[in-house]
Structures are given as structure tokens and as C-alpha cells.
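Below is one structure, written out as C-alpha cells, with a few remarks after it.
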Amino acid sequence: GCSSGGSTGSTDAAAGGDTPYVAIVSKGFQHQFWQAVKQGAEQAADEFGVEITFEGPDTEADVDQQIQMLQTALDKQPAAVGFAALDSQAAGPLLQQAQDAGIPVVAFDSGVDSDIPVTTAATDNKAAAAEAAKQMAEAIGGEGKVALVVHDQTSVTGVDRRDGFVEYMEENEPGIEIVDIQYGGGDQAKSADLAKAIIAANPDLKGIYGSNEGSAIGVVQAVKELGLQPGQLTVVGFDSGKAQIDAIKDGLMLGAITQNPVGIGYETVKAAVAAIDGEELPKSIDTGYFWYTADNIDDPEIAAVLYE
Amino acid sequence: MTLTTETPTPKPAEARPNAARGALRGSLQQLLAFASLIVIVIFFSIASPHFFTTANIISIFTAATVTGTLALGTTFVIITGGIDLSIGTGMILCGVMAGVFLTYWGWPLWAGVLGAVLFGALIGVVNGFNVAVLKIPPFIATLGMMLIAAGLALVISGTKPIYFKETPDFQSIMNLSIIPGVRFPLGVAVFIVLIVLSALLLSKTIVGRYTFSIGSNEAATALSGVNVVKWKIIIYTISGLFVGIAGVLSASRLSSAQPTGGMGLELEAIAAVVIGGTSLQGGKGSIVGTVIGALIMAVLTNGLRIISVPQEWQSVAVGLVILIAVYLDMLRRRSA
Amino acid sequence: MTLTTETPTPKPAEARPNAARGALRGSLQQLLAFASLIVIVIFFSIASPHFFTTANIISIFTAATVTGTLALGTTFVIITGGIDLSIGTGMILCGVMAGVFLTYWGWPLWAGVLGAVLFGALIGVVNGFNVAVLKIPPFIATLGMMLIAAGLALVISGTKPIYFKETPDFQSIMNLSIIPGVRFPLGVAVFIVLIVLSALLLSKTIVGRYTFSIGSNEAATALSGVNVVKWKIIIYTISGLFVGIAGVLSASRLSSAQPTGGMGLELEAIAAVVIGGTSLQGGKGSIVGTVIGALIMAVLTNGLRIISVPQEWQSVAVGLVILIAVYLDMLRRRSA
Amino acid sequence: MSAPLLEVVGASKSFPGVKALDDVHLDLRAGEVLALVGENGAGKSTLMKLLSGVYTPDEGEFFLSGEQLAITGPKQAQELGISIIHQEFNLMPDLTIAQNIFIGREPRSGGVFLSERSLNRKTRELFDRLGLALDPSEVVGGLTVAKQQMVEIAKALSYNARVLIMDEPTAALNDAEVDTLFDLIRRFTTPTTGVIYISHRMHELRQISDRITVLRDGRYVGTVETATTPTSEVISLMVGREIVSEQRQSDESAPRETVLAVEGLSTKSLLKDVSFELRKGEILGFAGLMGAGRTEVARAIVGADRSESGTITLHGRPVVINNPAEAAKLGIGYLSEDRKQLGVLLERNVRENVVLASLSEYIGALGFVKDKKIERTAREYVTALRIKTPSTSQLVKNLSGGNQQKVVIAKWLAKDCDVLIFDEPTRGIDVGAKDEIYALLNQLAAGGKAIIMISSELPEVLRLSHRVAVMCEGRLTAVLENADATQENIMDYATRFSAYGTVK
Ligand SMILES: Nc1ncnc2c1ncn2[C@@H]1O[C@H](COP(=O)(O)OP(=O)(O)OP(=O)(O)O)[C@@H](O)[C@H]1O
Ligand SMILES: Nc1ncnc2c1ncn2[C@@H]1O[C@H](COP(=O)(O)OP(=O)(O)OP(=O)(O)O)[C@@H](O)[C@H]1O
Ligand SMILES: [Mg+2]
Ligand SMILES: [Mg+2]
């Protein structure tokens, strides 16, 4: 099997060998989250005996790059495609092309706004963000100013994780005021610098929410650099990674939402295999999310979905 | 009396470039970039049966269309000895403007497209003004514009993609298949027309002549009575027009105006221009070269994906090919 | 007619700029950039009471440290008339190498840090070789290196961040508070030392002299018996050393070597250099200017956030300030 | 008599800290060639730049045929009928000859497209009229300096100018080419046109000019009739002192040791089997026509260009020199002929330029440069060579051409080489300064240096050289003792080869 993310062997397979080839086009590949998705996909590939390739654009702003990747993937005539759309509309013509060629498409991570995908393996980002908001509200006693450091202003995940948080606060927590939303591109240093600016501008700030790994760690970094005492500012995050896990254990961060990236990757390939075999699939596969804190971080159920 | 009857007549040993040699050298230069392209194509064709197929070749051209269009326009600017870093985000802004005109303001298709292209020209005019009149160095003038355009694209779109709900035909510009059966998209045909037009513009018109002249010796061109300020603005405007067209093509391809991205595209386009033998010092360059350069970049990206090179290695490979291609070009020039 | 034997003595009308005036002019240039900085600081201080506080000023310096370090090194390259686009991703690669040395290979702290810095120098040597020996234009040579470094950082790290588990002290390099009570980080002190060192290097040593000579007229410098190839490699290596140091500082700040990012940082650093009055044509520039340029960029980013300007407007504002600052500098130079 | 063709009244122009022109007067009569002379930095080029619209005057009025002019820019000056050939080249090296000449005036076919064919035809017509044998479609960057100069001249003449200004047009030309040029000038001067001719070559003035206007230190000194004024008087008007007349180098018969021996030097493009010896304390002059390969010999010796074969022996030991840095280390200095491109750092100050070749001698502990010592050295040379500059921190671009040349010489004097190769050391230098440079070369030779001096001016070669090497088409055709050398036999050796390299 092809477990190392696209050895050249897969081409032979795709050329008509007996191992089916599944091309996966994700929203990224550099970040830990996507690497965990890739890991799950590879697990399933081993288990079900398929070849896979896994690729994604450099940033979640590169819609065009993702479209090119999808195009190339289709040109390789795969047995199935796994696709996490940055913009469903933008991918419309290519999805149509896949359908015309009889290549089943499995959507993952976030929904593809189209009838073409046979199923969608995803986390409900908005609900997950609302959970983070709920935990934050509880921690600060339903009162005070909070701010958001979001990784992206335009991508679906960025928008959902922002809106899920903001909408929860607006609907349920009249005592909480959102004073600032800034975007750091998921870059830790940049997120740290802007979190420091937010804290400087709002000395009475109660909490900050970081919408992905890089943003959350950036916020933690800001707290460290400003020498704030644990508890002075409540930080909640998203995703995992060693730094975030450490911050939670050290008490710098209250807790974070984690999705199940390995599960997403696994379910995507599993569904692709089922689709290749012509099996019926449910319209969506919920891969779930968890709220984890220092208390439950070592639970087997949680530990299984965290990545370092 | 002539000058050379006094002095020894030219002998074979006097290896100086003459007209014929110059022309030959010109085509040799393109030949070399062309040879690189052929080598790369042959390599990938052997490495994967999926590479040299009609569908994939069309994919390559489709991929080359947007960057290639940007590269065509910026070839003019680079030949003047300037540079245009604003083409990537400028293109994004033009796409957003197409969305604004067509979807928000409900203009008819032709007007919206024209408007977006002219908006690109406007960006070019501002760049040209900053460079030619305010004398801000091109690198900085267009770096500033790069940031401004990136910001404005977000501001104007409200940080959301704009979809072309009112004009579903908009997506045909890039995607319409004009040859039944082979998926040959209209956008690629547009690109080919642009290549021909810009080649004519550069080699046969007064704009082209002054482009080379300014790049060759700006002060002397000005002393010869050419209104360098005016022509530089015109040349940046041409680059802007291509930015506008690329913006329309890209938005059409994605059936949506994406307000982000575009950063880094300028470097890709400039790399295509330079691989094609155009000198960043100005004074030298050709459209054919730029097209070959753009194809080399597109083939490389596509081929590496087709043969499933791990993605982290792809950027290493592209970097190496850029270095090697330009180094070979240098070698040839020195030995010539 | 009588033969006059008087020798032409200097006449009073010949009141030409002398040494003192030259020095004054030099400082005026920095004064102007400095004035821009002051204006911006005053503006933000009035706009928000939270801007001009000790903590926030330290935050600004902390934010300026990494980009500023890159800008210091690249000032040398730009004065030679070159450019270095590889500093952003090169820095990322050096951070990863620090992780490899310290965490994977278990080197002691000092050795790992030295190794990472020297690795930066190695990147510089390769750039210098490509530019000086292979004669690849700097823009292209370092663009290639930018892509290669970005790819290698991912390859070497296995696309995972590397944590400094074996050497927890590593994070002190940037974060250790050296003045009790005010959280003045060691990294900022390092930055200040680097400023002084590079200023001395540029203005008082032979490397600095040749940096200016090469930028002023490379061919004439070579014919004067200066080994331009050697000195260019040295100058790119200096830039590489600063890249290595920036890599260590940045990894130390994040307590981890992040294998991604870095792209775009080179443009930020170059913008800082140019705002500080260094000319991309080569031959002119100063370290003081670069530091002021880096501070202008850092103050602007921080201040706009402090006064909660919506982020999409921030990039527009930075773009405009770059244009205005460089335009004013041009004005001053022309009137001088 | 009617109003002069062109009249300048009370022109003044200052640059920051420099009064380049102070109340200067000039009148050009129709049908005459007016020579404009003066020392380096006297303000000649500045005055001409006022006339051609490059600079705007601080004060002064201009009249063309009695009508007052307001000159606003280069293009307008051309339209008014004032055409100029600048001291520095103003050509676009990447364009062809024809494209250069008609830049801004391109013929178009059908209104949109350029017609290369009619452009080349027009250019060929122009060349036929002027008697030039140049290929209009050749790229200018590949031409020799002399041919580029001819292109400049052709370009200026292609405007139907009434006033033609030539700022040192012969600085890069040899005698044959100068004859061609003078022929052109004579054909150009009709009763309705006039020429202003700037040169430092005194003998040319007698050949071509009708009257001579002299400037000194930015001021008008006077105008004299060429025919009735001895050259010595013009010179003393220019420099305010007497210049010793020409004398030949006395031949020293005492055998001297050989410092540099070149054996069988050949290059891919031109040089064929060049061999010669250079002795201690001598000046070896290199004469030859343009493109004979003298510069190429020098560049090959110092490793600036690659040589195909040949050995170089220095002080009896064979050496391999790959680049000018190695040459400098071995004590061989090369002073190039192209001052602007290859000689000075225009944007740096006098001080830095003077010590550029010898900077490593001014380095103290830790690589720090000794600025005080540099300043002392620079001031020494500014005084010794009488470089006209307010201070050593003046940027070299603000010096006049001649003073820039002195700065380049100072750079090599400061380096203290055993072997010095001077390529056209007096190009663009005024008579007074020339004399100083001659004295300097003699002094250096007397001090034991071995000097190669490449010059296109035969009188200069004859006056200075102990021996004269003559080149023709990349070969060395003769090495003559000074006593045996005459203008005639040098010219003979310089044209030894007819076409295709066969011996006459
Ligand atoms: N742009 C400038 N800025 C400052 N000073 C200048 C400038 N141009 C010329 N000068 C000065 O003006 C004076 C006159 O210079 P100009 O070039 O007219 O001399 P010239 O008579 O042509 O000398 P040469 O024979 O050496 O060419 C010189 O002292 C020169 O240094
Ligand atoms: N880099 C080069 N490329 C092409 N041709 C060259 C190059 N360098 C020199 N040549 C040619 O070699 C010939 C020798 O030129 P060189 O400059 O050595 O002559 P010269 O005797 O010094 O004459 P002058 O300097 O008076 O023109 C010329 O025809 C010149 O065009
Ligand atoms: Mg002059
Ligand atoms: Mg010569």
C-alpha cells in the first residue's frame, strides 16, 4: 500500500493496476491538522487496500491553487476523489466533470454545497465554536469583554468558527461584549503580536478565543510575553498540537475544542472505498468534536483525537 | 569617403554581432528556453502515462492562462527596467470589481467585464503615475499598490466571495468549451489571442519601441525628445489591462470573485518572464520567451503533481528548475 | 599678448558642499524617515491612551525584532544593488535546523544555536555563489532559494513543528526578561546589539566600503583590483547570518520550530530597508535608516490594531504609508 | 552685419555650492564653426546643456537670429533647430542604429505599425548623404566606441538643425575618423547654419574652427580669430599660464631589466600571438587604429577578459592572472579607457574613489578602516594632481570629466603598482592637465615603474614613449625605439594588414 503520502507507485496503480486509486484534495497540507487528516486517510488506505495521494494548497486563501490540484487529480483518472472545498461554487464545473466521468466525490471537513458528493465527512464547525463560546462564558461568569483571534477572514472554517462563537455570545450572553476580532492567518508570531495589541487596547479584557492551532498558540504566547498571571485572562482555543496541550496542562489556557482529524481522514477514505464498490452511503458522516481541558485531556477517548 | 575605407575592412575574426547574428541570437535564446520546456515535457511523458494526454495538456494551458496573462503584461514593464508586484493582488481586486459590477450593481455582462478590465487599467495608471511622475522606484510603488489592492479587495467584497448569480454566463468566459468533445476552454483561446496581440504590440508598434528604448537607456530616450513620463504611464497601464483581464478570467474560472489570495502570483509571473529570457535590467525581452516561461512553470507544477511527487518536494523542484533554466540562459548569453 | 602666469586659485564663488554638509545631508535623510516615525507615534498616542505605554512599546520592539534582524542583513545586499527574496523562508528553514540540531540530534544549546546561525550563513553562501559566480540575477537566484528553503523546511521537519524538549532554555533566547519588573526581553537586547554591529560593519569596515563600491559601480570596482566575486559572496553570507539569527530568535519566541510561513516576510523586510532611505539601485543606504524603517512598519501594524482599525483597512494603510514615506524621501533627495 | 545666428547674453548657472557659469557671453555667426575651449570644469558642457534644454539657466538670455528664445526642454530645443552631441553617450545599446537615430520620429505604416524597412531605408539614405558605412540594422551595444560616436553624430545631423553643438566629439576617435568628422562638419556649415565645437585637442581647432571662445572658471575670457591667434596664446587664455611646448622622450640606452614579458597572447575574438616585453622605468606606448586590439591586450593581461593562449612572465616568474584582483595583487594596475562605465564610482565621493584600489592598506585591527589616513592620502592626490574639487567628500559625478579622469589616475597612483597600464589616460583632459599627466607619467617611469600607455593621439605617443608598440587587427606589427618612430612609419605599421589578415 501507499502509506507515505504519494509515492510514485500510485501512478502505476492509477494507470490500471488492480489497486484502486483515491485522490484526496484537502484545504491544506502544511498544518498539523491536515497532517492528522492525512494520517487517518493513510490508515484507512492500508486497511482497505487502496492507493491514495493527499495534497492541499499552501494557504486556505488559495482557492485557485486548490482548483488546479483538483483538475490534475481528475486528469489522473482516480477511482474516487476526496475533496474539502475552500469554495464549493468555485469547484462547481470540476465537480460536474467528475460526475460526468463517473468518479465519485466524497466531501470532507466542511460541506460542499452541491448534490454531487456522495457523502460528507465533517465536523460542524459552527456548533463547535458555539461550544467554545459557552465554555468561555461559563469561565468568566457571563460578564465582561472578550476578543477573537481568527485564522482566516474568508475561508469557510474561519468564518464558521468566528460566527459560531459570536452568534452564541449574542444570543445567550447579554453580559459579554465582543470588543475586537482580528485575523492572524494562523501564523503564531503574527497572532501573538496582534493579541498583545488587543490586550493593550483593552486592559479589562476577560478572555480571548483563538480559532485554530496557530491562532490559539499565538494568544498563549502573548499571555506569556506580557507576563499575565494564570486566570487573569481566559484563553480558549481550537484544535490540538503539543504547544496547545502544554498550555492547557500549564493552566495558561482553559481548554480547547478538538475535532477528530484522524477520524475525518479515515472516514473519507472508507466512504470512498464504499462508493467505488457501489454501496449506499448516508448523506453525511458526523465526525464530531470534543471540548477538552486539563481535567479530561488524558482520557483515552480524548487522547485518541489529539495530535502532538 | 567612408569611414571604413580608411581603416582595415572587417574581417572574420572580428566577431561582432551583426544584424543577422542578432536575429539568430534572439531565436537561439528562445530555442534554449524552448529546449528546456521540451526536456521537461519528455521527462514527464515518460514518467507518467497521464501526462501527455489531450485532457492534461488542456489542463496545463488552462492552468497557465491566468499567470500567463499576468506575465504577458508585466513583460512590458520589466523590459522598461521596472517591475510590477501589484499584479497578483491587483488581479484579485479586478475580480472583485467584476463581482461588484455584475452582481451588486446588476450591469450587463459585457459592461461588467469591460468595467473590471478598465479597473485593471486604472490600477496601472496609478502605478505608472507613481513611478513616472512621483519617481517612486517601481519595486516600492507596486509593493504599496500590492498591499492596497489586497486590502481593497477585502473591503469592497465585505470579505466574502461574490457569486455571479445575476450573470450565470460569466463563468463561460473561462470555462465554455469551444471545440465540442475536447473540452477546449474559451479562456485558453482568449489567452492565445492575448499572446498574439501583445507580441504585435511589443515588436511592431511605437509602444513596443519605446518600451525597449526606455529600458535600454531612459535618460537618453528622454533627451531624444520622447515623453518618457507619458510612455511609462502607458506601459504600466498596459500591464494593468492584462491584470484586469486576468482578474476576469480567474473569477470566471472560479465562478466567483474570491477576495483573498493573489499574493505570490506576481513572483510566479515574474519568474515566467525571466525564465523566458527577459532581463530584469531592462532593454531585452520577448513575448515568445514569456509564453515559454509560463508554460515551463505550468508544466512543472502539473507534472510534479501528476507523478505524485510529495508536495513539500514540489517547491524545491520548482526552485531548482528556475535556477537551472536561468543559469543556462546566462551561460548561453556569455558564450554568445 | 602677454603670458599670464597666475595659476587658477579657488574663488569664493566656489562654495561647494563640504564634509560637514555631506554629513548633515546624510543625517537629514534619516531625519526625514525619523520625522515620519515620530508623526506616526504621536498620531497613535493621541488616538489611544493604550499606545504609548511601556508594555506596548516593548511589544512593538518585540514585533520588530525578527523582521528587523532580516532587514539589517538584507540592507547590505540591497546596497550592492542586489536583493534577497530568500530571507523569509530561509529564516523558517534555519529555525527547523535549530530544532533538528537541538531536539533530534541532541546537541548542546550553544552548538545548536551556532549551527542554525551557520546554516543561515550557508544559505547565504549558496545565494552568493549563484549571484557572483554563476551570475544569476539576484532576484531570480534568491527567488529560487526562497522556494527551495520553503520546501526543505517541510521536508526536514516532516511537516511537523519541532519542539525544544531537550533544551527548554532555548526559549529564553528571545523571551527571557532581562530587566526585572518591565519584561524587557533578551531578544530585543540581541536585536539592539545586532543593530550596533551591523552599523559598524557597514560604515567602518572594509566589507562596508566594498558593499557601497559594488553597488555604485561593480565593473569599475572589479577593474580596480577588488575581488568582487569574493566580496559579493561575503555580503550574501552576512545576510545569511542574519537570516540564521532571525530563525533562532523566531523559533525561540514560539518555543518551537514551525516549518511553514515566512513567505511575504522578505517583502516586509525589504520595505523597511527602502523606507529607511536605502536605494534599490544600490550604492546608497544606512543601518539607522533600516532600523527606522522597521520601526515604522512595526508601529503602524501595532497602532492600527490598538485603535481597532478593521483589518482589511490595515493593509491599505500600510501600503499608503510605504508610498508616502518613499515619495517624501524622493522629494527630499531631488531638492537636495 | 546682421544679428548673429545664436547669441547668449549673461548666462549664469549654479549647482548646489558651485557657480558653474557666471555671466557668460557667446555669439555664433551664421556659416562658421566656433570653437569653445577651456580647462576641465570651465563650464563648457554646462553652457551647452543650457542651450539644448537639459538645464534651465539661473540668468541669461538666448537669441536665435535675433529672436529671443525660451528653451524649455530637449525636444523643444531640437524643434527650434538646436541639435547637440553630448560629451557622454546618449544611445540605447539594445536598439539598432536606425532605431536609435530615429527614436521619437519613427516612420509608421498604416498609422499603427512601425515599419522597420522604411526606417532602415531612411537611415541608409542619411548614411549615404553623410558618407558613413554603417549597417542600420546593427545593434548599437555591439559597436566600438568610435562607431557609437559616429551614430551620435549622424543622429544629431539627421535633425535639420541650424545650430549643431558638439561636445568633445573626437575624444574617442582616431585621426582617420576625425578627418571624416571634419568633412561632415564642413558639409554641414552653410550660410544659414553654424557649429559650436568643443575640444581639448588644440591642433584640431586650427583645422576646423573660424573663431575660438575661451571660458575660464565659469567666466567668459574672450573670443579670438583662429587664423590670427597662435595656439600658445589660446592656451594661456585658457589656463592663465604658459605650457611648455612638445618635446620627444630622450632615449636611454642603458639596458634595463624586463619587468613584464607577454608571450603569444591570443584571444578568441581578436588578438593573435601578441608578444612584447616591458622594462623597468620605461613607458611603452601602444599605437594603432580604432579596434586594433590595444584595449583588449590590456584587459587580457589583467584578466578582465579571458585569453585563449599565451604566457605572462612577471619579474622572471610565469604568472597566471584570472581577474583584475589577482593582477592588482601582483602589482599590475589597469586604468580603463571608459571612465564612466569602468573607471569611477560616480555616486561616491572623491576620497572613496582615490583609495578604492588600495583600500586594504587602510585597514586597522578588526577590519576597521582608517578614515583619517584615507583623508590624508586623498587630500595629497587632490593637491598633487590639482583635482578641482571643493573637498574630498564631493561626489565624483559632480566633477567635470577631466577631473574625474584625474581621480582615476589618483586611484592607481595610490595603489603603488610596479606595472601600470594607462588606456587613453588623457581622453577628455584639457591641455594644462594633460601636461601635468605627462609630467606624472615621466616621473613615475623615472621612479622605476614600468608603464604601458595606450593612446590614439600619435603626438602624445611620440612625446611620451621610450618605445612604441604598434598594433593592427589584433597583431603586434612593430616595436619601435622612440628615435626611429615617426607619425608616418607608425601609421604604416598600423595598417600593415589588408583585408582578411594577409600581410601587405
Ligand atoms: N550636476 C552638477 N552638480 C554639481 N556640479 C556640477 C554639475 N554639473 C557640473 N558641475 C560642475 O560645474 C562645473 C562646470 O562643469 P562642466 O561639465 O560644464 O565643465 P566642462 O567645461 O565641460 O569640463 P570638461 O572639459 O572636463 O568636460 C564643474 O565644476 C562641475 O564640477
Ligand atoms: N566584449 C567584447 N565583445 C565584442 N567585441 C569586443 C569586446 N571587446 C572588444 N571587442 C572588439 O575587439 C576589438 C578590439 O577593441 P579594442 O578596444 O581592444 O581596440 P583598441 O585598439 O583599444 O581601440 P580603441 O580603444 O581605440 O577603440 C574591437 O573591434 C572591439 O569591438
Ligand atoms: Mg564637458
Ligand atoms: Mg581602446
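Each residue, glycine too, has its Cβ placed from N, Cα and C.
Look at TrEMBL and you will find B:31-51 (among others) tagged as transmembrane segment.
Outside the transmembrane segment (B:57-78), and at least 6 residues removed from its termini, the chain residues within Cβ reach (under 8 Å) are 84, 87-88, 91, 138, 174, 182-185, 187-188, 190-191, 194-195, 198, 201-202, 207, 211, 235-236, 238-243, 245-246, 249-250, 253, 265-266, 268-270, 272-274, 276, 278-280, 282, 285-287, 290-291, 293-295, 297-299, 301-302. Feature annotation from TrEMBL assigns transmembrane segment to B:57-78 (among others).
Among the features that TrEMBL reports, transmembrane segment is placed at B:85-107 (among others).
What TrEMBL records for B:113-133 (among others) is transmembrane segment.
Here the transmembrane segment (B:140-164) has long-range neighbours at 83-86, 88-90, 92-93, 95-97, 99-100, 102-104, 123, 126-127, 130-131, 134, 170-171, 251, 255-260, 262-263, 266, meaning same-chain residues at least 6 beyond its ends whose C-beta is under 8 angstroms from one of its own. Sequence annotations record features per position, and here TrEMBL assigns transmembrane segment to B:140-164 (among others).
The transmembrane segment feature in TrEMBL is assigned to B:184-202 (among others). For the transmembrane segment (B:184-202), the residues of the chain that approach it from at least six positions outside its boundaries are 58, 61-62, 64-65, 68-69, 72-73, 75-76, 79, 172-178, 208, 211, 238, 242, 245, 249, 252-253, 285-288, 291, judged by C-beta separation under 8 angstroms.
Marked as transmembrane segment by TrEMBL: B:233-251 (among others). Beyond the transmembrane segment (B:233-251), the same-chain residues lying 6 or more positions past its ends with a Cβ under 8 Å from any Cβ of the stretch are 65-66, 69-70, 72-74, 76-77, 80, 82, 84, 86-87, 90-99, 113, 116-125, 127-129, 131-133, 164, 170, 173-174, 187, 190-191, 194, 198, 201, 207, 210-211, 214, 257-258.
Panel annotation: around the transmembrane segment (B:287-307), residues 29-30, 33-34, 36-37, 40-41, 43-44, 47-48, 50-51, 56, 59-61, 63-64, 67-68, 71-72, 75, 195, 198-199, 202-203, 268-269, 271-278, 313-314, 317-318, 321, 325 of the same chain, lying at least six beyond its termini, place a Cβ under 8 Å from a Cβ of the stretch. Annotation source TrEMBL lists transmembrane segment at B:287-307 (among others).
For B:313-331 (among others), the entry in TrEMBL reads transmembrane segment.
Most Cβ pairs under 8 Å with the transmembrane segment (B:113-133) belong to B:85-107, among the candidate stretches B:31-51, B:85-107, B:313-331.
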